[in-house]
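Novice: Take a look at the following structure, please.
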């Protein structure tokens with residue numbers, strides 16, 4: 001990770017704020033901090049996430065500023081809307097600094113036991129590989145499907161629905177899935193977009209948990225369809241149309257794989 005990026009963020013928010021980089025993607029760098037964006041710190045146990053979009057030197061400066069502002073504001077607005085959906089679990093938005101390209105959110109998840117990594121769905125399923133069909137795995141994967149169903153039923157799409165972008169929060173013996181990273185998210189009622197979301201997640205499961213992926217996706221889709229079916233005839237009709245398009249997306253993906 002670039003020391004220049006870390007230095008720039010420290011200059012923006014002050015040397016007194018401790019920012020720990022935890023990951024870097026093509027568009028943004030993710031930090032954790034114990035400093036709230038605007039409230040005085042009284043404890044030190046709370047942790048927050050700062051998603052920072054650094055300037056892109058390959059873009060014209062004025063275009064880069066405009067794009068960064070647009071994408072940062074767009075993601076923050078989307079998170080704000082998603083928080084209003086009953087039952088949908090996403091990070092709580094705390095602050096948005098569009099001029100510096102950063103979003104502050106609540107921190108979700110924990111480190112899994114025995115150094116198994118962070119509690120996203122990918123690492124959780126790896127941790128449970130010795131008992132892949134246990135009740136807790138089945139319940140968790142079904143709940144993931146319910147969360148995606150809620151997202152899609154309300155006409156929102158994730159845009160990058162991988163097992164790394166589903167964080168699990170422990171609640172006793174259970175794990176509650178939360179959807180994170182809506183940088184590519186959108187408000188869309190197109191079955192094509194929803195079908196692509198499902199296909200991306202199916203491929204992610206197949207690539208990282210190939211031995212059990214078929215069963216996992218079956219459970220996931222049972223949770224997903226239950227959301228639509230709970231809305232009666234209208235839900236059944238929308239589900240039928242979505243699943244038909246999902247099969248078309250699947251077929252296109254297989255053809256691309258065959259052609260290399």
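Counting starts with 1 at the first residue shown.
Even glycines carry a Cβ here, placed using N, Cα and C.
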Novice: Please pick, from 47, 51, the residue that Swiss-Prot records in the ATP site together with 22, 23, 24, 25, 26, 27, 28, 29, 30.
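Specialist: Site partner of 22, 23, 24, 25, 26, 27, 28, 29, 30 for ATP, according to Swiss-Prot: 51.
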Novice: Using all protein chains shown, find which of the binding-site residues 22, 26, 28, 30 scores highest when you count other CB atoms within 10 A of its CB.
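Specialist: Compared across 22, 26, 28, 30, the most Cβ atoms within 10 Å surround 28.
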Novice: Give the sequence-ordered list of residues that share a chain with residue 160 (active site, proton acceptor), lie 6 or more positions from it, and have CB atoms under 8 Å from its CB.
Specialist: 181, 183, 184, 200
Novice: What is the number of other Cβ atoms found within 10 Å of the Cβ of residue 24 (ATP binding site)?
Specialist: 14
Novice: As a test of reading the model: what is the averaged pLDDT for the domain 'Protein kinase' (16-260)?
Specialist: 94
Novice: Using the Cβ centroid of 22, 23, 24, 25, 26, 27, 28, 29, 30, 51 as the reference point for the ATP site, which residues of the same chain not in that list have Cβ within 8 Å?
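Specialist: Neighbours found: 52.
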